[in-house]
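Per Swiss-Prot, the features are:
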TOPO_DOM  1-267  topological domain 'Cytoplasmic'
REGION    1-24  region 'Disordered'
MOD_RES   S45  phosphoserine
MOD_RES   S167  phosphoserine
TRANSMEM  268-288  transmembrane segment
TOPO_DOM  289-308  topological domain 'Extracellular'
CARBOHYD  N297  N-linked glycosylation site
TRANSMEM  309-329  transmembrane segment
TOPO_DOM  330-348  topological domain 'Cytoplasmic'
TRANSMEM  349-369  transmembrane segment
TOPO_DOM  370-403  topological domain 'Extracellular'
CARBOHYD  N385  N-linked glycosylation site
TRANSMEM  404-424  transmembrane segment
TOPO_DOM  425-437  topological domain 'Cytoplasmic'
Amino acid sequence: MGDSNSSQEAYSDTTSTNASRIADQNQLNLNVDLEKNQTVRKSGSLEALQNAKIHVPKHSDGSPLDYPKLNTYTFVPTTVPPYVLEAQFDKLRLQDKGTVDGNVTDDKNLPKEFKWGQFASTIGCHSAYTRDQNYNPSHKSYDGYSLSSSTSSKNAALREILGDMCSEWGGEERLEGVLHSEIGANLEFNTTEERKEWLQYIEKVKDFYYGDNKKNPESPESVHNKVYKSDWVNELNKEREKWRRLKQRKLQQWRPPLTSLLLDNQYLILGLRIFTGILSCISLALAIKIFQNSRSNNTISESKIGQQPSTIMAICVNAVAIAYIIYIAHDEFAGKPVGLRNPLSKLKLILLDLLFIIFSSANLALAFNTRFDKEWVCTSIRRSNGSTYGYPKIPRICRKQEALSAFLFVALFMWVITFSISIVRVVEKVSSITNRN
(Lines of atoms letter the chains of each structure in order from A and count residues from 1; the text may use other names and numbers.)
(Lines give C-alpha, C1' and ligand atoms only; values in the text may rest on other atoms or scores of the structure.)
Protein backbone atom coordinates (compact mmCIF):
# COMPACT_ATOMS: atom_id res chain seq x y z
CA MET A 1 0.00 0.00 0.00
CA GLY A 2 2.88 2.28 0.75
CA ASP A 3 4.39 1.70 -2.67
CA SER A 4 1.08 2.40 -4.42
CA ASN A 5 0.57 5.58 -2.46
CA SER A 6 4.07 6.74 -3.29
CA SER A 7 3.56 6.01 -7.03
CA GLN A 8 0.29 7.91 -7.01
CA GLU A 9 1.99 10.85 -5.34
CA ALA A 10 4.82 10.75 -7.92
CA TYR A 11 2.31 10.61 -10.76
CA SER A 12 0.34 13.54 -9.32
CA ASP A 13 3.58 15.52 -8.87
CA THR A 14 4.57 14.80 -12.47
CA THR A 15 1.14 15.83 -13.72
CA SER A 16 1.17 19.04 -11.72
CA THR A 17 4.71 19.79 -12.91
CA ASN A 18 3.70 19.33 -16.56
CA ALA A 19 0.63 21.48 -16.05
CA SER A 20 2.70 24.22 -14.47
CA ARG A 21 5.20 24.04 -17.32
CA ILE A 22 2.45 24.40 -19.91
CA ALA A 23 1.01 27.38 -18.02
CA ASP A 24 4.46 28.97 -17.82
CA GLN A 25 4.97 28.42 -21.54
CA ASN A 26 1.64 30.10 -22.34
CA GLN A 27 2.57 33.06 -20.12
CA LEU A 28 5.96 33.20 -21.82
CA ASN A 29 4.39 33.32 -25.28
CA LEU A 30 2.03 36.08 -24.09
CA ASN A 31 4.93 38.18 -22.80
CA VAL A 32 6.83 37.76 -26.07
CA ASP A 33 3.79 38.89 -28.07
CA LEU A 34 3.36 41.97 -25.85
CA GLU A 35 7.02 42.89 -26.30
CA LYS A 36 6.66 42.58 -30.10
CA ASN A 37 3.60 44.84 -30.12
CA GLN A 38 5.40 47.48 -28.09
CA THR A 39 8.35 47.38 -30.50
CA VAL A 40 6.07 47.93 -33.49
CA ARG A 41 4.24 50.84 -31.80
CA LYS A 42 7.48 52.64 -30.92
CA SER A 43 9.05 52.30 -34.36
CA GLY A 44 5.87 52.69 -36.37
CA SER A 45 6.85 50.02 -38.96
CA LEU A 46 7.09 46.27 -39.23
CA GLU A 47 10.68 46.43 -40.49
CA ALA A 48 11.91 47.31 -37.01
CA LEU A 49 10.39 44.08 -35.72
CA GLN A 50 12.81 42.04 -37.87
CA ASN A 51 15.87 43.88 -36.48
CA ALA A 52 14.62 44.03 -32.90
CA LYS A 53 16.04 41.67 -30.31
CA ILE A 54 13.28 40.04 -28.35
CA HIS A 55 14.34 38.68 -25.00
CA VAL A 56 13.01 35.18 -24.56
CA PRO A 57 13.57 33.75 -21.09
CA LYS A 58 14.37 30.10 -20.70
CA HIS A 59 13.57 27.58 -18.08
CA SER A 60 16.37 26.47 -15.91
CA ASP A 61 15.78 22.73 -16.21
CA GLY A 62 16.50 22.49 -20.00
CA SER A 63 13.10 20.96 -20.81
CA PRO A 64 11.53 21.13 -24.29
CA LEU A 65 9.36 23.98 -23.08
CA ASP A 66 12.47 26.16 -22.92
CA TYR A 67 12.25 26.55 -26.72
CA PRO A 68 9.22 28.62 -27.74
CA LYS A 69 9.24 27.53 -31.41
CA LEU A 70 9.10 23.83 -30.56
CA ASN A 71 5.72 22.22 -31.33
CA THR A 72 4.38 20.76 -28.12
CA TYR A 73 2.02 18.54 -30.14
CA THR A 74 5.01 16.27 -30.80
CA PHE A 75 5.24 15.31 -27.17
CA VAL A 76 1.57 14.47 -26.79
CA PRO A 77 1.04 10.70 -27.33
CA THR A 78 -1.38 9.75 -30.11
CA THR A 79 -4.41 7.71 -29.15
CA VAL A 80 -4.33 5.71 -32.41
CA PRO A 81 -1.24 3.63 -33.29
CA PRO A 82 0.40 4.33 -36.67
CA TYR A 83 -0.22 0.79 -37.94
CA VAL A 84 -3.97 1.30 -37.43
CA LEU A 85 -3.82 4.43 -39.54
CA GLU A 86 -1.90 2.57 -42.23
CA ALA A 87 -4.48 -0.23 -42.25
CA GLN A 88 -7.34 2.25 -42.53
CA PHE A 89 -5.55 4.08 -45.34
CA ASP A 90 -5.08 0.79 -47.23
CA LYS A 91 -8.76 0.00 -46.74
CA LEU A 92 -9.81 3.37 -48.13
CA ARG A 93 -7.49 2.99 -51.12
CA LEU A 94 -8.81 -0.51 -51.89
CA GLN A 95 -12.41 0.72 -51.60
CA ASP A 96 -11.65 3.34 -54.25
CA LYS A 97 -10.26 0.58 -56.47
CA GLY A 98 -13.39 -1.55 -55.98
CA THR A 99 -11.90 -4.23 -53.69
CA VAL A 100 -11.63 -4.59 -49.95
CA ASP A 101 -9.01 -6.71 -48.22
CA GLY A 102 -10.34 -8.92 -45.48
CA ASN A 103 -7.24 -8.42 -43.31
CA VAL A 104 -7.88 -4.68 -42.88
CA THR A 105 -8.92 -3.67 -39.38
CA ASP A 106 -12.60 -2.79 -39.04
CA ASP A 107 -13.76 0.58 -37.76
CA LYS A 108 -15.37 -1.11 -34.78
CA ASN A 109 -11.90 -1.73 -33.27
CA LEU A 110 -11.18 2.02 -33.15
CA PRO A 111 -12.01 4.14 -30.10
CA LYS A 112 -15.15 6.24 -30.14
CA GLU A 113 -13.30 9.55 -30.02
CA PHE A 114 -11.35 8.60 -33.16
CA LYS A 115 -12.49 10.56 -36.22
CA TRP A 116 -11.21 9.24 -39.54
CA GLY A 117 -11.38 12.57 -41.31
CA GLN A 118 -9.01 14.18 -38.81
CA PHE A 119 -6.28 11.58 -39.27
CA ALA A 120 -6.62 10.82 -42.99
CA SER A 121 -4.88 14.04 -43.97
CA THR A 122 -1.92 13.37 -41.64
CA ILE A 123 -1.15 9.83 -42.78
CA GLY A 124 2.40 9.63 -44.07
CA CYS A 125 3.49 13.00 -42.66
CA HIS A 126 2.62 12.66 -38.95
CA SER A 127 5.34 13.86 -36.63
CA ALA A 128 5.34 10.54 -34.81
CA TYR A 129 6.35 8.75 -38.04
CA THR A 130 9.96 8.08 -38.87
CA ARG A 131 11.34 8.67 -42.35
CA ASP A 132 11.03 5.01 -43.28
CA GLN A 133 7.36 4.96 -42.22
CA ASN A 134 6.15 7.56 -44.73
CA TYR A 135 5.17 4.78 -47.11
CA ASN A 136 3.77 1.31 -46.71
CA PRO A 137 6.67 -1.18 -47.00
CA SER A 138 4.30 -4.07 -47.62
CA HIS A 139 3.45 -2.62 -51.05
CA LYS A 140 6.93 -1.49 -51.99
CA SER A 141 7.80 -4.37 -54.27
CA TYR A 142 4.35 -4.40 -55.89
CA ASP A 143 4.40 -0.67 -56.66
CA GLY A 144 7.89 -0.88 -58.09
CA TYR A 145 6.90 -3.70 -60.36
CA SER A 146 3.70 -2.02 -61.50
CA LEU A 147 5.70 0.98 -62.67
CA SER A 148 8.13 -1.12 -64.69
CA SER A 149 7.49 -4.50 -66.24
CA SER A 150 3.75 -4.98 -65.66
CA THR A 151 2.85 -1.54 -66.99
CA SER A 152 5.07 -1.90 -70.03
CA SER A 153 3.74 -5.37 -70.91
CA LYS A 154 0.15 -4.23 -70.39
CA ASN A 155 0.67 -1.16 -72.57
CA ALA A 156 2.36 -3.27 -75.24
CA ALA A 157 -0.64 -5.62 -75.37
CA LEU A 158 -3.05 -2.68 -75.57
CA ARG A 159 -1.03 -1.07 -78.34
CA GLU A 160 -1.15 -4.33 -80.29
CA ILE A 161 -4.93 -4.65 -79.95
CA LEU A 162 -5.80 -0.95 -80.19
CA GLY A 163 -3.19 0.32 -82.64
CA ASP A 164 -5.36 3.10 -83.98
CA MET A 165 -8.15 4.47 -81.78
CA CYS A 166 -9.58 6.49 -84.68
CA SER A 167 -10.31 3.36 -86.73
CA GLU A 168 -13.16 0.92 -86.21
CA TRP A 169 -12.81 -1.69 -83.49
CA GLY A 170 -13.91 -4.63 -85.62
CA GLY A 171 -14.94 -6.70 -82.62
CA GLU A 172 -17.30 -8.94 -84.56
CA GLU A 173 -14.61 -9.83 -87.11
CA ARG A 174 -12.11 -10.56 -84.34
CA LEU A 175 -14.57 -12.77 -82.52
CA GLU A 176 -15.53 -14.65 -85.66
CA GLY A 177 -11.89 -15.11 -86.57
CA VAL A 178 -11.04 -16.62 -83.18
CA LEU A 179 -14.13 -18.70 -82.48
CA HIS A 180 -14.52 -20.17 -85.95
CA SER A 181 -10.75 -20.27 -86.64
CA GLU A 182 -10.91 -19.33 -90.31
CA ILE A 183 -7.14 -19.70 -90.58
CA GLY A 184 -7.38 -23.35 -89.69
CA ALA A 185 -10.12 -24.02 -92.24
CA ASN A 186 -7.61 -23.87 -95.09
CA LEU A 187 -4.91 -25.85 -93.27
CA GLU A 188 -4.33 -29.51 -93.86
CA PHE A 189 -2.72 -31.30 -90.91
CA ASN A 190 -0.40 -34.16 -91.72
CA THR A 191 -0.33 -35.56 -88.18
CA THR A 192 -2.54 -35.46 -85.12
CA GLU A 193 0.22 -33.63 -83.27
CA GLU A 194 -0.10 -30.62 -85.59
CA ARG A 195 -3.88 -30.56 -85.09
CA LYS A 196 -3.43 -30.76 -81.32
CA GLU A 197 -0.95 -27.88 -81.33
CA TRP A 198 -3.34 -25.81 -83.45
CA LEU A 199 -6.23 -26.39 -81.05
CA GLN A 200 -4.04 -25.46 -78.09
CA TYR A 201 -3.03 -22.27 -79.86
CA ILE A 202 -6.69 -21.37 -80.50
CA GLU A 203 -7.53 -21.96 -76.82
CA LYS A 204 -4.71 -19.66 -75.75
CA VAL A 205 -5.91 -16.94 -78.10
CA LYS A 206 -9.47 -17.27 -76.77
CA ASP A 207 -8.27 -17.10 -73.19
CA PHE A 208 -6.04 -14.12 -73.91
CA TYR A 209 -8.63 -11.96 -75.68
CA TYR A 210 -11.95 -13.27 -74.36
CA GLY A 211 -11.08 -14.87 -71.01
CA ASP A 212 -13.10 -14.10 -67.87
CA ASN A 213 -10.52 -12.09 -65.92
CA LYS A 214 -12.34 -10.74 -62.86
CA LYS A 215 -9.39 -10.70 -60.45
CA ASN A 216 -8.31 -7.51 -58.76
CA PRO A 217 -5.32 -6.11 -60.70
CA GLU A 218 -3.98 -4.53 -57.49
CA SER A 219 -4.18 -7.67 -55.34
CA PRO A 220 -0.93 -9.46 -54.47
CA GLU A 221 -1.92 -12.60 -56.40
CA SER A 222 -2.72 -10.62 -59.53
CA VAL A 223 0.50 -8.62 -59.29
CA HIS A 224 2.46 -11.83 -58.79
CA ASN A 225 0.88 -13.34 -61.90
CA LYS A 226 1.86 -10.31 -63.97
CA VAL A 227 5.49 -11.41 -63.66
CA TYR A 228 4.80 -14.18 -66.18
CA LYS A 229 2.58 -12.12 -68.49
CA SER A 230 5.39 -10.79 -70.63
CA ASP A 231 6.84 -14.27 -71.19
CA TRP A 232 3.37 -15.66 -71.92
CA VAL A 233 2.71 -12.98 -74.54
CA ASN A 234 6.06 -13.72 -76.16
CA GLU A 235 5.20 -17.41 -76.26
CA LEU A 236 1.85 -16.62 -77.85
CA ASN A 237 3.54 -14.47 -80.47
CA LYS A 238 5.96 -17.29 -81.25
CA GLU A 239 3.09 -19.72 -81.78
CA ARG A 240 1.28 -17.16 -83.93
CA GLU A 241 4.39 -16.77 -86.05
CA LYS A 242 4.66 -20.55 -86.30
CA TRP A 243 1.14 -20.92 -87.70
CA ARG A 244 1.70 -17.96 -90.01
CA ARG A 245 4.71 -19.75 -91.46
CA LEU A 246 2.63 -22.92 -91.80
CA LYS A 247 0.00 -21.01 -93.76
CA GLN A 248 2.71 -19.48 -95.94
CA ARG A 249 4.10 -22.96 -96.55
CA LYS A 250 0.67 -24.17 -97.67
CA LEU A 251 0.40 -21.24 -100.06
CA GLN A 252 3.83 -22.00 -101.44
CA GLN A 253 2.72 -25.55 -102.12
CA TRP A 254 -0.18 -24.27 -104.26
CA ARG A 255 1.91 -21.66 -106.10
CA PRO A 256 3.91 -23.99 -108.42
CA PRO A 257 0.82 -25.85 -109.73
CA LEU A 258 -0.97 -22.55 -110.32
CA THR A 259 2.05 -21.16 -112.17
CA SER A 260 2.28 -24.29 -114.29
CA LEU A 261 -1.43 -24.05 -115.10
CA LEU A 262 -1.16 -20.45 -116.32
CA LEU A 263 2.09 -20.80 -118.28
CA ASP A 264 2.26 -24.39 -119.55
CA ASN A 265 -1.24 -25.83 -119.74
CA GLN A 266 -2.57 -25.76 -123.32
CA TYR A 267 -6.13 -26.61 -122.31
CA LEU A 268 -6.49 -23.39 -120.31
CA ILE A 269 -5.91 -21.10 -123.28
CA LEU A 270 -8.03 -23.39 -125.47
CA GLY A 271 -10.93 -23.16 -123.01
CA LEU A 272 -10.67 -19.36 -122.92
CA ARG A 273 -10.71 -19.18 -126.71
CA ILE A 274 -13.75 -21.47 -126.95
CA PHE A 275 -15.65 -19.44 -124.36
CA THR A 276 -14.82 -16.19 -126.18
CA GLY A 277 -16.01 -17.74 -129.45
CA ILE A 278 -19.32 -18.76 -127.85
CA LEU A 279 -19.89 -15.21 -126.60
CA SER A 280 -19.07 -13.84 -130.06
CA CYS A 281 -21.59 -16.21 -131.66
CA ILE A 282 -24.33 -15.14 -129.25
CA SER A 283 -23.55 -11.45 -129.83
CA LEU A 284 -23.62 -12.00 -133.59
CA ALA A 285 -27.00 -13.74 -133.38
CA LEU A 286 -28.51 -10.95 -131.28
CA ALA A 287 -27.19 -8.27 -133.65
CA ILE A 288 -28.64 -10.08 -136.67
CA LYS A 289 -32.01 -10.44 -134.92
CA ILE A 290 -32.11 -6.72 -134.06
CA PHE A 291 -31.22 -5.89 -137.66
CA GLN A 292 -34.10 -8.04 -138.97
CA ASN A 293 -36.65 -6.60 -136.53
CA SER A 294 -35.66 -3.06 -137.45
CA ARG A 295 -36.10 -3.64 -141.22
CA SER A 296 -39.49 -5.35 -140.94
CA ASN A 297 -42.72 -3.36 -140.60
CA ASN A 298 -44.19 -3.63 -137.10
CA THR A 299 -47.66 -2.93 -135.80
CA ILE A 300 -46.52 -0.22 -133.37
CA SER A 301 -44.64 2.17 -135.64
CA GLU A 302 -46.13 0.92 -138.94
CA SER A 303 -42.82 1.80 -140.60
CA LYS A 304 -39.25 0.67 -140.81
CA ILE A 305 -36.88 1.64 -138.00
CA GLY A 306 -33.50 3.11 -138.81
CA GLN A 307 -30.46 0.95 -138.11
CA GLN A 308 -28.05 1.93 -135.35
CA PRO A 309 -24.22 1.79 -135.66
CA SER A 310 -23.90 -0.70 -132.78
CA THR A 311 -25.93 -3.33 -134.63
CA ILE A 312 -23.94 -3.09 -137.84
CA MET A 313 -20.59 -2.99 -136.03
CA ALA A 314 -21.49 -5.98 -133.86
CA ILE A 315 -22.27 -8.03 -136.97
CA CYS A 316 -18.98 -7.11 -138.65
CA VAL A 317 -16.66 -7.45 -135.63
CA ASN A 318 -18.09 -10.69 -134.28
CA ALA A 319 -18.13 -12.35 -137.72
CA VAL A 320 -14.41 -11.69 -138.17
CA ALA A 321 -13.69 -12.54 -134.52
CA ILE A 322 -15.19 -16.02 -134.84
CA ALA A 323 -12.94 -16.83 -137.80
CA TYR A 324 -9.87 -15.48 -135.97
CA ILE A 325 -10.68 -17.43 -132.80
CA ILE A 326 -10.93 -20.71 -134.72
CA TYR A 327 -7.58 -20.13 -136.43
CA ILE A 328 -5.60 -19.03 -133.35
CA ALA A 329 -7.09 -21.75 -131.14
CA HIS A 330 -5.91 -24.39 -133.59
CA ASP A 331 -2.48 -22.72 -133.81
CA GLU A 332 -1.97 -22.58 -130.04
CA PHE A 333 -3.26 -26.08 -129.31
CA ALA A 334 -2.02 -28.12 -132.29
CA GLY A 335 0.86 -25.96 -133.56
CA LYS A 336 4.48 -25.93 -132.47
CA PRO A 337 5.28 -24.78 -128.94
CA VAL A 338 6.56 -21.27 -128.44
CA GLY A 339 10.04 -22.53 -127.63
CA LEU A 340 10.38 -24.24 -131.05
CA ARG A 341 9.12 -21.39 -133.23
CA ASN A 342 10.02 -17.80 -133.88
CA PRO A 343 8.77 -15.78 -130.87
CA LEU A 344 8.38 -12.63 -133.00
CA SER A 345 5.90 -14.25 -135.41
CA LYS A 346 3.94 -15.65 -132.49
CA LEU A 347 3.87 -12.23 -130.85
CA LYS A 348 2.55 -10.61 -134.03
CA LEU A 349 -0.27 -13.13 -134.17
CA ILE A 350 -1.19 -12.55 -130.54
CA LEU A 351 -1.21 -8.77 -131.02
CA LEU A 352 -4.27 -9.22 -133.22
CA ASP A 353 -6.12 -9.80 -129.94
CA LEU A 354 -5.38 -6.18 -129.12
CA LEU A 355 -7.10 -5.13 -132.35
CA PHE A 356 -10.26 -7.02 -131.40
CA ILE A 357 -10.11 -5.55 -127.88
CA ILE A 358 -10.15 -2.04 -129.37
CA PHE A 359 -13.09 -2.76 -131.69
CA SER A 360 -15.02 -4.60 -128.97
CA SER A 361 -14.63 -1.60 -126.65
CA ALA A 362 -15.98 0.75 -129.31
CA ASN A 363 -18.83 -1.63 -130.06
CA LEU A 364 -19.76 -1.82 -126.37
CA ALA A 365 -19.85 1.98 -126.10
CA LEU A 366 -22.13 2.21 -129.16
CA ALA A 367 -24.42 -0.49 -127.76
CA PHE A 368 -24.97 1.41 -124.51
CA ASN A 369 -25.50 4.63 -126.44
CA THR A 370 -28.16 2.93 -128.59
CA ARG A 371 -29.90 1.54 -125.52
CA PHE A 372 -30.37 5.03 -124.01
CA ASP A 373 -30.86 6.95 -127.27
CA LYS A 374 -33.92 9.22 -126.93
CA GLU A 375 -34.66 9.05 -130.66
CA TRP A 376 -34.71 5.25 -130.85
CA VAL A 377 -37.23 2.61 -129.79
CA CYS A 378 -35.87 1.96 -126.25
CA THR A 379 -36.59 5.47 -124.92
CA SER A 380 -39.69 7.40 -125.96
CA ILE A 381 -40.44 11.01 -124.96
CA ARG A 382 -44.02 12.31 -125.09
CA ARG A 383 -44.75 15.91 -126.00
CA SER A 384 -47.41 18.07 -124.36
CA ASN A 385 -49.88 17.38 -127.19
CA GLY A 386 -49.63 13.60 -126.62
CA SER A 387 -47.38 12.75 -129.58
CA THR A 388 -44.06 10.95 -129.11
CA TYR A 389 -40.64 12.33 -129.93
CA GLY A 390 -38.88 9.91 -132.29
CA TYR A 391 -39.92 6.26 -132.53
CA PRO A 392 -42.40 4.67 -130.14
CA LYS A 393 -41.04 2.22 -127.59
CA ILE A 394 -40.77 -1.39 -128.82
CA PRO A 395 -40.06 -3.75 -125.88
CA ARG A 396 -38.94 -6.81 -127.91
CA ILE A 397 -36.18 -4.86 -129.64
CA CYS A 398 -35.13 -3.21 -126.37
CA ARG A 399 -34.73 -6.58 -124.64
CA LYS A 400 -32.45 -7.81 -127.43
CA GLN A 401 -30.42 -4.60 -127.30
CA GLU A 402 -29.92 -4.98 -123.54
CA ALA A 403 -28.82 -8.61 -124.00
CA LEU A 404 -26.41 -7.56 -126.76
CA SER A 405 -24.81 -4.97 -124.47
CA ALA A 406 -24.38 -7.55 -121.69
CA PHE A 407 -22.76 -10.18 -123.93
CA LEU A 408 -20.47 -7.62 -125.53
CA PHE A 409 -19.26 -6.59 -122.06
CA VAL A 410 -18.46 -10.19 -121.02
CA ALA A 411 -16.80 -10.88 -124.39
CA LEU A 412 -14.57 -7.82 -123.95
CA PHE A 413 -13.52 -9.06 -120.52
CA MET A 414 -12.61 -12.48 -121.95
CA TRP A 415 -10.59 -10.87 -124.74
CA VAL A 416 -8.51 -8.97 -122.17
CA ILE A 417 -7.90 -12.08 -120.00
CA THR A 418 -6.88 -14.23 -122.97
CA PHE A 419 -4.58 -11.55 -124.36
CA SER A 420 -2.84 -11.07 -120.98
CA ILE A 421 -2.17 -14.79 -120.47
CA SER A 422 -0.88 -15.19 -124.04
CA ILE A 423 1.53 -12.27 -123.67
CA VAL A 424 2.84 -13.58 -120.33
CA ARG A 425 3.47 -17.00 -121.85
CA VAL A 426 5.45 -15.60 -124.78
CA VAL A 427 7.54 -13.31 -122.54
CA GLU A 428 8.27 -16.13 -120.09
CA LYS A 429 9.42 -18.48 -122.88
CA VAL A 430 11.59 -15.82 -124.49
CA SER A 431 13.23 -14.93 -121.16
CA SER A 432 13.93 -18.60 -120.38
CA ILE A 433 15.54 -19.09 -123.83
CA THR A 434 17.69 -15.99 -123.29
CA ASN A 435 18.86 -17.27 -119.91
CA ARG A 436 19.84 -20.63 -121.37
CA ASN A 437 21.81 -18.98 -124.14
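Numbering starts at 1 and runs along the chain as it is shown here.
Backbone N, Cα and C atoms are what each Cβ position is placed from, and that goes for glycine too.
For the topological domain 'Cytoplasmic' (330-348), the DSSP counts in helix, strand and coil order read 14 helix, 0 strand, 5 coil. Non-local neighbours of the transmembrane segment (404-424) in the same chain are 262-263, 268-269, 272-273, 275-276, 279-280, 282-283, 286-287, 290, 310-311, 314, 332, 350, 353-354, 356-357, 360-361, 363-364, 367-368, 371; each lies 6+ residues outside the stretch with a CB under 8 Å from one of its CB atoms. For the transmembrane segment (349-369), the residues of the chain that approach it from at least six positions outside its boundaries are 308-310, 313-314, 317, 321, 324, 328, 331, 401, 404-405, 408-409, 411-412, 415-416, 418-419, 422-423, 426, judged by C-beta separation under 8 angstroms. Away from its own ends, the topological domain 'Cytoplasmic' (330-348) comes close to residues 266, 269-270, 273, 422, 425-426, 429-430, 432-433 of its chain (Cβ-Cβ under 8 Å, at least six residues beyond either end). Taking the topological domain 'Extracellular' (370-403) as a whole, pLDDT averages 75 in the prediction.
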